[in-house]
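For 102-173, the entry in TrEMBL reads domain 'PAS'. The domain 'PAC' feature in TrEMBL is assigned to 177-227. Per TrEMBL, domain 'GGDEF' is recorded for 259-394. According to TrEMBL, the feature domain 'EAL' maps to 398-660.
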Amino acid sequence: MSRSDPDGGELVHHLRGAGSLEGIVHLDEVDALVEWRDDLGSLMAGEVRLIEARFLLRGMWKWRELRAMEFRRTLSGELLEVMLVIRDVDDRVEGALRAAEQDRAFREVFDASPVGLAVLDEQGRFTTVNDAFCTLAGRTRDAVLATVYEALLHPEDRAAAVVARARRSTDGGASATSSERRLLRSDGVVVWVRVRTSDIDYNEETRTLVSLEDVTASKETEDQLRYDSLHDELTGLPNRRLIIDRLEQALTRSRRTRGRVAVYFIDLDDLKRINDTHPWQHRAGDILITSAAVSIREALRDTDTLGRLGGDEFLAICEDVGDDATVADVGRRILAAVRRPLQIGSELVSVTASVGVAAPEGDAETAAELIRRADSAMYRAKSGGGARLVRADTDLAPDPTGLDLVGALKRDELRLHYRPVVSLASGAVLGVTTVVRLVIPERGFAPEHEVITAMHAGPAALPIVHWALQRAVSDVRTVAPSRAEALSVWVSMPGRAAMSPSTRTALLTALAGPAGLLTAASAPSLVLDVHEVDIASMARRESVQRHLAGLTALGPLALGIQHFTADTVPVGMLQLVGAASMSLDPDLLAATADNHSVEDLVRALVAGASALGVITIATNISSYEQLEMARAVGVHAVQGDLIGPAAPLDSYSDLLHGGQMFLPAAPASASASAVTDAAAAAAAITTASPDAPEATTDHAGSTSEWVGDMAETLARQLGVALPPSPIQAHDGAHASAWIDVPEETRAET
């Protein structure tokens, strides 16, 4: 035998003998070592036998590795000598044992912990979980291990969790995080949990340790305290503090959407007399106030808000009231609701109400000023004998644009134009958005923003939306009948139009086939594109959600949210209302140009929406810079004048029949972004002026100049030269430019 260890001589001495090794070798390994030693005579040629054991060396137990192999044999093949290599492996083995002990201790604590614990990999998949976690999740261990963390959360919390995990990954992880989330158990029960996460080394890999603590009871107590602080104890209605906050929010929304808000100040007449004369005294008054609250609430729309200011005073907020007739109609319904007689004890009691109504004089008017004017109008109603509705002195102004859209519809002065919605990834046309245009005789088209304002602020919304729905389906069936089912049409509308029962009838009529039967054949997918602030108020009502679900069940229909900022609607609300698309607010996208924080926010919004399966769209793209911003935040699709101006649908016939649109990069990086159709021998750009008087165009410059600019951009990005006169045809309404692409360039692209 030979040795390669300072203590090898002593070990070899003991191993040479055939006696017991007890006292030299640790009791846990002595039997195995004796068996290993005694069997060395059977070593085969080239065989290496290895064993690890603890030896008593200089008074301490030390781990050694022993490797045995043949050294010399007789001519007949009998083994004469064995070479023994002894290595000191004490540090390695002790380290492994300590790690195993730590893992065992971790596992014991992990499994026995009353707190829900889980280990996640980088994709959010479960590596291991304890029983407490499974109990909180209301699922078996196998069911938990088969899913991802976000799938256990309430739908409204999933997007935030996805974004948080993505941020942890891009930031290189974080030492620890804490948040509150809702688990949705398999039995439908919602459990509030405090989630703590931290990075750990697990099986020599970086993993995320998640702990869940059930805080449902404390959360319910907290929510109850918050509710009590914001609601009237007697009626359960929003109290003065909350109703004023709701009014401020309504005014903010109206400034953005140009919608009309009306505030009703309601005071019950003769309540003091009933308190003084009824046998039940103040108890009778409380019953009367509670009954009046219920009756008024039933008289209002689902999207309206009613609160109690105190005593016998109420405040009602009505958004998107449409016109003066609607304002008066709501007031009459309030008066009739309060007037209903009520049996209190043995007496039949009947009261009336004095109601004052006011609407904002301008954008600068505050909630307090508006309430003060409504209050003043209410006192005039009471001074006139009560039981009446009085409007404030300065009241709802007429539509500032002065456009008569309803009359224009009757006179056939409306046109429905379209802008293509194009995929950033492929250039494929996903569909079109509708643009309602008004032809003013001898002047051309009215400004687009004025038509939108008139449509949303006045009484024209419903008839115009119904006309647009039917015209859009008809246009697509006419221009692209073979591709209709593959296209989507985004139809912009106020929330009140989407909620109107008559819109359901209009949708059924629009989707009806040539024989008048409801069919999806040759019909595009209609997207009811509602403003974010309308969704914010609509989604709070279960009846609204049921109505929207009923609409989307009619056929190829979906809900879209436009001008999305997440100020009033959280990302999770997209899933709650079943939104299929989300268009970013153009101002929010513009703010990303010089503010990295805003860019990070928008990117997170887009990521959250994408995680929920919602298509994200950047609108009003009119420059290369805006197109690059859209690319930077990761939206799916774009639309705007740079992509395609508002024009009749047949102007985009080629694209709608499966063509792809060229989406240029900014000039500085144009050479790296050139894209063309590999099968095309030449690239063409065509456009048509709108079917209106020649004096009006949406493009900067004439049609031919616009086509020329686009041709020059495409040629530069393809690396080819334009002919001296690229415009091949021009008749005042149409223009085209041809670009010759060499064979080698076509092959490369």
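Including glycine, each Cβ sits where the backbone N, Cα and C put it.
What you see is a predicted model, and the numbers here were worked out from it, not measured in a lab.
Residue counts for the domain 'GGDEF' (259-394) by DSSP state, with H, G and I taken as helix and E and B as strand, are 57 helix, 37 strand, 42 coil.
In terms of DSSP helix, strand and coil, the domain 'PAC' (177-227) has 12 helix, 31 strand, 8 coil.
When pLDDT values are averaged over the domain 'EAL' (398-660), the model yields 80. Shown for the domain 'PAS' (102-173): DSSP residue counts in helix, strand and coil, namely 43 helix, 12 strand, 17 coil.
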